[in-house]
Amino acid sequence: MPQAKNAPAASFDSLQTELDQKFAYPASSKTYIAGSRPDLRVPMRTIKQTATRTDQGEMLNPPIPVYDTSGPYSDPDVHIDLKAGLAPLRAKWIDERGDTVVLPSLSSEYGQARAHDPATAHLRFAQLTNPRRAKPGANVSQMHYARRGIITPEMEYVALRESLNLQALQDKPEYRKLLKQHPGFSYGANLPQRPEDITPEFVRQEIAAGRAIIPANINHVELEPMAIGRNFRVKINGNLGNSAVTSSLAEEVEKMVWSIRWGADTIMDLSTGKHIHETREWILRNSPVPIGTVPIYQALDKTGGVAEDLTWEMFRDTLIEQAEQGVDYFTIHAGVLLRYVPLTADRITGIVSRGGSIMAKWCLAHHKENFLYTHFDEICEIMKAYDVSFSLGDGLRPGCIADSNDAAQFGELYTLGELTKKAWEHDVQVMIEGPGHVPLQRVQANMDEELKHCFEAPFYTLGPLVTDIAPGYDHITSGIGAANIGWYGTAMLCYVTPKEHLGLPDKEDVREGIITYKIAAHAADLAKGWPGAQLRDNALSKARFEFRWEDQFNLGLDPEKARAFHDETLPAEGAKIAHFCSMCGPKFCSMKITQEVRDYAASLDANATAAEHGMEEKSIEFRKAGAKIYS
């Protein structure tokens, strides 16, 4: 898929043309780990390395497996038809459980109206099937199965995906050195110590305890299951969505594909413009990753934008509408209570959450308690009928570092803990949303408070941004906070782009934001000691020392940018096998000099004494040449 162009796709036909070209990763192949059944094949990406050249000949370097979020879009053997959607990967698994029914029609009044509206017929996804719902009295959540001791195909899928089958590589000599890593410090997390410890039973236990979720609506059958939890790899979320002034359906699908190409583990559709229902349908039918929404946005749209006119009945219908489309998790701001709203009065930035401000306005206008809070049990009944996970929203998150960790923020957090317990009584999966803007020295307190008051439910944070002085660079200010809070225990990081606070991001901004957050998440995995996390670092470091430039590019998170930066100063093809870069040049490359010393030592029997002798001779040569570092 061409990445140089920043212009959005004008139509589904033009986007289809791009997808037909595939967005092949350099030197990579799509590989699958086989599960316990023929229809359980877990994807990963394998990066091929070139050989190391030595005086004695070539030494082969092994391929490196990496976690892959791109779904079938990067599989050359799969034909993608956007108008038909992706293959129904989970349909058989769900059907086999025997606890759901296929509905004769949509349950939502709004959904039915959209399905029969001639004005939107040209926008409608044509290949729709009737939605599923739990049988009366049944609970179809992954937490419910886990608490009954059932290991679902989704749980097995997650175990294989998280381990990357690294246990099969441990006894191979070519991987032994590459698989070494520093011990991590996990702040009390229950991390698996070895790849073989990441079993389906381990996943089941984490889901049953509420420490992790598998967001997987029974109506999102195209989904490749993944886990969000403190004791798994740190995940990242990317946002997309139309607004009143921008975007077409094709553009939003393109943003989704673009985001997962660069590594987004989940996508939140934050659409607030026209055709929200149709946009979401197209995204879901073509998405291999979980999709989250903020249902209050669409409910508000149904009132014409008047928060005071929101009703529980309208919101309930919106939940059912979206659940029957297949949304995997809902952000619900049920912790914005009437008594907390006055606590924001002395803040510099007040209430910055859109959902939080909507509910605060409703509470004040009616002088009633938040209807999301008072109807929470009814919301849980809907969630467990479709296996939609809660993302309990932080509607009172701080919008600047001056407002961080105040009474409003933590008061809401404690209420979210209360609601977590209530959701778990229904066996509904929960994660907790967090800030926001927090200076570095106050970041860990956010994690500690969440773990204590929300009982280790997965934490999902927006950054946090650790300073407010860098408009245009908030992917960096937030990436710093994200790496730290990920290390402390946050399970998923919501990306921030360079356009944060300034405007709507384009494709390159999205790419920049995702790569920044992949760095933060990986740094956190290294710090907490996720098994095998250092493999890619070690492989790239070895390639760097051996001047295998193509491998350096290909093993990186953004091969295109790395290659482009290198070629700005050394564009010739020969430079990609040269034993220097433009930073030091051929005479002063530290790695080249070190290799020369090693080679010299090897010629003198390659023992420690010879290495020391080699250094002494180099010292004599250096002094004879005038002892000048620069000439």
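For all residues, glycine too, the Cβ spot is worked out from N, Cα and C.
Look at Swiss-Prot and you will find ASN239, MET268, TYR297, HIS333, SER353, ARG354, GLY355, ASP394, GLY395, LEU396, ARG397, GLU433, TYR460 tagged as substrate binding site. Residues or ranges marked as Zn(2+) binding site in Swiss-Prot (evidence: sequence analysis): HIS437, HIS501. The [4Fe-4S] cluster binding site annotation in Swiss-Prot covers CYS581, CYS584, CYS589, and the record cites sequence analysis as its basis.
A map of Swiss-Prot features onto the structure.
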residue	record	Cβ contacts under 8 Å, 6 or more apart
ASN239	substrate binding site	ILE267, MET268, LEU270, CYS494, TYR495
TYR297	substrate binding site	LEU270, SER271, THR272, ILE276, ARG354, GLY355
SER353	substrate binding site	HIS333, GLY393, ASP394, GLY395, LEU396, ARG397
HIS437	Zn(2+) binding site	ARG397, PRO398, GLY399, CYS400, ILE401, ASP403, SER404, GLY463, PRO464, LEU465, ASP468
TYR460	substrate binding site	ILE228, ASN237, SER391, MET431, ILE432, GLU433, GLY434, THR490, ALA491, MET492, LEU493, CYS494
HIS501	Zn(2+) binding site	PRO471, ASP474
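Secondary structure at HIS437 (Zn(2+) binding site), as computed by DSSP, is strand. Each of the binding-site residues GLY355, GLY395 was scored by other CB atoms within 10 A of its CB, and the lowest score goes to GLY355. Under DSSP, HIS501 (Zn(2+) binding site) is assigned to coil, being neither helix nor strand in the three-state scheme.
In the structure as shown, the Cβ atom of ARG397 (substrate binding site) sits within 10 Å of 26 other Cβ atoms. DSSP gives GLY355 (substrate binding site) a helix state. Residues listed for substrate, ASN239, MET268, TYR297, HIS333, SER353, ARG354, GLY355, ASP394, GLY395, LEU396, ARG397, GLU433, TYR460, cover a largest CA to CA span of 20 Å.
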